[in-house]
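Asks: Annotation source Swiss-Prot lists N-linked glycosylation site at Asn19. Per Swiss-Prot, the feature motif 'Last loop motif' maps to 291-301. Here Swiss-Prot flags 341-394 as region 'Disordered'. Residues annotated as phosphoserine in Swiss-Prot: Ser342, Ser349, Ser350.
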Amino acid sequence: MLSSFNEWFWQDRFWLPPNVTWTELEDRDGRVYPHPQDLLAALPLALVLLAMRLAFERFIGLPLSRWLGVRDQTRRQVKPNATLEKHFLTEGHRPKEPQLSLLAAQCGLTLQQTQRWFRRRRNQDRPQLTKKFCEASWRFLFYLSSFVGGLSVLYHESWLWAPVMCWDRYPNQTLKPSLYWWYLLELGFYLSLLIRLPFDVKRKDFKEQVIHHFVAVILMTFSYSANLLRIGSLVLLLHDSSDYLLEACKMVNYMQYQQVCDALFLIFSFVFFYTRLVLFPTQILYTTYYESISNRGPFFGYYFFNGLLMLLQLLHVFWSCLILRMLYSFMKKGQMEKDIRSDVEESDSSEEAAAAQEPLQLKNGAAGGPRPAPTDGPRSRVAGRLTNRHTTAT
């Protein structure tokens, strides 16, 4: 059963152009070609990268965040309340006012006290700035290293400057060790991101991030197996060119260097728009869609590969819209607003001031008159103006 599926899955017509077989890509006479089994090393490499990340965040990222002045906010802990906790975990984190009134009556609390409990309970689950800084600093280190390493690998290759050369003698293109190790490192890193996704800081575009990481892993796996390494390497380099800038923006933002953060974000926005909305469609998509089949007809891998690239481009457009909204706010107000993907800390003063304008529910169920808004409520600094990848690809 398994052998039959394996034989069907690796049919030449799925992976290779017409009239090309796997036999032509066997190593011979010192010529080495990519083989799908080479990628089995990516999983243990991902585990090694995870261990390196944990060590980096613990022994480098955390001390660095404190040295640079990144401080966690002091959060007021909620008083244990079984009824409210059960509703929070099973029914939702943001109950409507009728639900709040009912819960307040059940617990013998005022409406304002119940609102405050849910607000502080939500804040309790939000990640602290030092955790965000550690994650951003690890990704910054990897993306910058990967971009510099990839540029050094591809700088002297003809297809970096003329993407049409990706199809020169395709698929009979030999594998260079430097390109193999760079590709394997990228695949291992994205696998480690997928493994860590449930435990990392979650953004409002969490689903888009999951899709992006899965598409990236499938693209790298397919492109390596089908010897589409040349065009695949251009896709990787194009994404790495802006990702490290985004992570740098986050780090500076957590350090509260507003002017530096604004300047970096403008640079990142320009690089992101140019690489994802200009170079990617005009150089990558054009050559894979038109020039790749100039000498050979289309095949399943052609449609599959281009379909994944188009899905990646849709994610680029989605994140570009988020960036444009932030840029519009920047142009309007003169400083960068919080990242609209971020989960923002809620302050006690904001909702208490609003609640003071409406009657409050008392313990006995009677409505009380409006109370003056508190003037000494703690004001939490808005955290997380900028986030991760991608706003990426990735």
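In case you wondered, yes, glycine gets a Cβ from its N, Cα and C as well.
Surface or core, plus neighbours and distances: that's what I need for these features.
Replies: If you draw a 10 Å sphere around the CB of Asn19 (N-linked glycosylation site), it holds 9 other CB atoms from the protein chains shown. DSSP assigns Asn19 (N-linked glycosylation site) to coil in the three-state reduction, outside any helix or strand.
Within the chain, the motif 'Last loop motif' (291-301) has long-range Cβ neighbours (under 8 A, six or more residues past its boundaries) at 13-20, 163-164, 166-167, 170, 222, 226, 231.
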